[in-house]
Amino acid sequence: METSVRLMKSMRFSVMVMALVTMATMNFYFVSAEQCGRQASGVLCTGGVQGVSSVITESIFNNLLKHRNDAGCKAKGFYSYDAFIAAANAFPGFGTTGDLTSQKRELAAFFGQTSHETTGGWPTAPDGPYAWGYCFKEEQGNPPGEYCQASSQWPCASGKRYYGRGPVQISWNYNYGPAGKAVGFDGINNPDIVANDATVSFKTAVWFWMTEQSPKPSCHNVMAGGWGPSGSDTAAGRAAGYGVVTNIINGGLECGKGSDSRQEDRIGFYKRYCDILGVSYGSNLDCNSQKPFGFAAQSQPRLIKTVV
C-alpha cells in the first residue's frame, strides 16, 4: 500500500512537471511570435534568414531597376541581384536597422541616390525617367585627367585612372585606397575591378553608405534614425531626412541654392522606390535651404564623382 501511494505521488509530480514545461514552451513561442513578424506590425525577426533579402526580393529588385538591362544601357547584365545581396550581407545593419518602415526607407534612399548617379533616364523614357537607374557602371563623357591627388598613403599607380565607377561612382585615389582596404581589393593598383566585378562594385557603394565622413554623418545613420541634428546643423538648416543624404553626397553643388534639377532627380527615384516598397516618404526630402557640410574646407569632392 505504501509503495502504491509513493508511486501515485511520483506520477502526479511527473505530470505536473510536464505540464509546466509545456506551458513554458508555449509561452516562449507566443512571446517570440509577438516580438517580430505579422503579430508585431511587420517588424522583421532578427534570427533565421531574415535580412535585406526579405525586403528586397529578386522580383522587387528587378522592378526597382526595371530597365538596367535595356540594350541602350552600357551596364547591361552587370548589376545582378545576387551581387547586391552579397554586398548587403557584408555590412551588418545595412537595410536591417530599426523597424520595417526605417528599413524600407533606407533601402529606397540607397537605390534612389545610386540610381541618380547611374541614370540612363530622360523625361519621356518608357515607364518614366525613374525606371532607368543603374544604366551605367563607369563615369560617362570624358573623365578629366586621372583623378589623382598626391598622397603618401595612397600614391597613384602608373597608368591607373580613378574616375567614377560603380553604383556610387567612387572616384579619386584617396577614396579607392580606403574603399579597397575595407572591402578587400587593391583599390590603387586595380581600380578597374569596381567596373568588372559586380559584388565588389556594390560593396564600394554600401561601404560609402555606411561610412561616416566627419563632419558628415553616414547616410546609413541618417536614414536609420541614428543621427539627429546638432545646434550647428539646425543653424545650417539641416534636419534628418533624405535631403541630408543628398547633402552628404553632393551638398557643395546641389544644396542651399533653392530648387535644383539634380536634387529633383534624386527625389524622384526615392519616391518611386518608396511607392514600390509601400512606405511613406518621411519629411525633409530636399536640401534647398541646407548649407553644405564643411563646404568651405573642401576644395574637391570628398568621396565620389557625382552626376552634374
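Counting starts with 1 at the first residue shown.
Including glycine, each Cβ sits where the backbone N, Cα and C put it.
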Answer for the disulfide partner of Cys156 (TrEMBL, candidates Cys135, Cys148) is Cys148
Going by TrEMBL, the cysteine from Cys219, Cys287 that pairs with Cys255 in a disulfide is Cys287
Among the candidates Cys36, Cys45, Cys135, the one bonded to Cys73 through a disulphide according to TrEMBL is Cys135
Counting other C-beta atoms within 10 angstroms, the emptiest spot among the disulfide-bonded residues Cys156, Cys287 is Cys156
Across all protein chains shown, the disulfide-bonded residues Cys73, Cys135, Cys148, Cys255 give the max Cβ-within-10 Å count at Cys255
Among Cys73, Glu117, Cys135, Cys148, Cys156, i.e. the recorded positions, the one with its Cα nearest that of Cys255 (disulfide bond) is Glu117
